[in-house]
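Peer 1: Submitted below is the structure of interest, expressed as structure tokens.
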Amino acid sequence: RARLRCEFRSSSLPVACCWIYNRVKVVTGGPRTAVRIDETQSSVEISQAVLEDSGSYTIVVRTRHGSAWHTVSLSVVDRPTPPSSQPVVSRVSSQSLVLSWTGPSYDGGTAVLGYIVEVSREGSDKRGSWSEISRSKNTSYHICSGLEPLKRYRFRVKAYNSAGTSEPSQESECVRMATARERKEEAEPYVMVTIDTKHKVNDHYSVHEKLGVGKFGQVFRMTHKETGQECAGKFYRARASKDKAAARAEMQIMNKLHHPKLVRCLAAYDTRSEMALIMEYIAGGELFQHIVDENFEHTEPTSARYMKQILEGMQYVHKRNIIHLDLKPENIVCVDPSGTWIKIIDFGLARDLDQTKDLMVMHGTPEFVAPEVINYEPVGLETDMWSIGVICFILLSGESPFQGNNEAKTLSLVTAAHYEFDPE
């Protein structure tokens, strides 16, 4: 039940009064709605409020001497809709796995507080029975208890807020737990990479399709010939010594950076004509490809989760006095197709900061580069934070704050720090 009431005083009578819904529709009495008006107050009472009743209600009071009005907002809170995607299982071991899902398409008018993960074991006596196995505040959870080797399970998820709990999501695909001896799909250990000058890349890896092209050269999907591990090979054109120096510098930077939110370097090769860095293969695609996908539910809470991960990774980088200098949407990628977890890639422009001397650079992407780069002034950790701010702006608004009609206009908007935010 919802009740809106407004008191008013007037020295002249009579008083005319009405309520207007969303500044368009006059509120009248009906099966669920009662409107009461007298000389000093008026009220609207909705007996069974539903989500469609949410909105603005404006009371307009008139006498022969003039008029006055006041607007209030009504928010009808309900339990959320079910999580909008089928849960996805990854990183399966003998007794644990990672479950990822997408949040509800509607939160019920109030923030989603968390998720209830339920499990059903295939082949059990109580077929089709579901029990709670865990709760999570995020749309991904590492389930590490309550599961047995070789057993088969299905999972589903419910969302809850202050008003109640949603209906369950779709069921996940049936997953069989591994045995203790089976290879676990968990994070590989970090290794210190040294450049292999005795072998060619083709001695150890099979080269497949091209993944991308950049100023440095090309990136290919690769597989290790013995283990079958998928990788990404970054091949530098290294005819000049400065080209090889750039590849070595990137490898040295990455040897200092071991964090779950940063891409890992696995190996490096140096031949007469080229250098190759072997990186972990991240199959989920660019974060922004997920966001513009009509099948992907993007909300402000999901933006916050992505920004939290970006900041966690960059906090680690900055604590080691390293700056990335090329943070942009293309360099934020999703770990898997569910789009829940991200990693930061491409440290080709990253530099160590030396506190004893200034560092000035002249490279970057105009929309995301900081003013000090354009002005050829000393850069620092704050240079990355500018780029992170631009990424955050795009995540929340869908617009690039400094993008102009051409590169010159974009650069002028950046140096002036001029942007507009449309609240609509």
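Even glycines carry a Cβ here, placed using N, Cα and C.
A TrEMBL annotation is a machine prediction, not a hand-curated record.
On a predicted model such as this, the values are computed, not experimentally measured, just so you know.
Pulled from TrEMBL, these are the listed features:
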- 1-75: domain 'Ig-like' (DOMAIN)
- 83-182: domain 'Fibronectin type-III' (DOMAIN)
- 205-424: domain 'Protein kinase' (DOMAIN)
- Lys234: ATP binding site (BINDING)
- Asp326: active site, proton acceptor (ACT_SITE)
- Asn331, Asp346: Mg(2+) binding site (BINDING)
Peer 1: Going by DSSP, how much of the domain 'Ig-like' (1-75) is helix, how much is strand and how much is coil, in residues?
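Peer 2: Taking each residue of the domain 'Ig-like' (1-75) in turn, the totals are 3 helix, 43 strand, 29 coil.
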Peer 1: At the Cα level, what's the spacing in Å between Asp346 (Mg(2+) binding site) and Asp326 (active site, proton acceptor), rounded?
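Peer 2: For Asp346 (Mg(2+) binding site) versus Asp326 (active site, proton acceptor), the Cα atoms are 8 Å apart.
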Peer 1: Using DSSP, would you call Lys234 (ATP binding site) helix, strand or coil?
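Peer 2: Where Lys234 (ATP binding site) sits, the three-state DSSP reduction gives strand.
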Peer 1: Can you give me the Cα-Cα distance between Asn331 (Mg(2+) binding site) and Lys234 (ATP binding site) in Å, rounded to a whole number?
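Peer 2: Per the Cα atoms, Asn331 (Mg(2+) binding site) and Lys234 (ATP binding site) stand 14 Å apart.
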Peer 1: In terms of DSSP three-state secondary structure, what is the assignment for Asn331 (Mg(2+) binding site)?
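Peer 2: In three-state terms, Asn331 (Mg(2+) binding site) counts as helix.
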Peer 1: Do you know offhand how many angstrom separate Asp326 (active site, proton acceptor) and the residue listed as 'ATP binding site' by C-alpha?
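Peer 2: Cα-Cα distance, Asp326 (active site, proton acceptor) to the residue listed as 'ATP binding site': 17 Å.
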Peer 1: If you average the pLDDT over the domain 'Protein kinase' (205-424), what number do you get?
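Peer 2: Taking every residue in the domain 'Protein kinase' (205-424) and averaging pLDDT yields 88.
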Peer 1: What does DSSP assign Asp346 (Mg(2+) binding site), in three states?
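Peer 2: SS state of Asp346 (Mg(2+) binding site) = coil.
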Peer 1: Three states by DSSP: which one describes the residue listed as 'active site, proton acceptor'?
Peer 2: coil
Peer 1: Sorted by position, what residues of the same chain at least six away from the residue listed as 'ATP binding site' have a C-beta under 8 A from it?
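Peer 2: In sequence order, Phe216, Gly217, Val219, Ala276, Leu277, Ile278, Met279 meet the Cβ cut-off.
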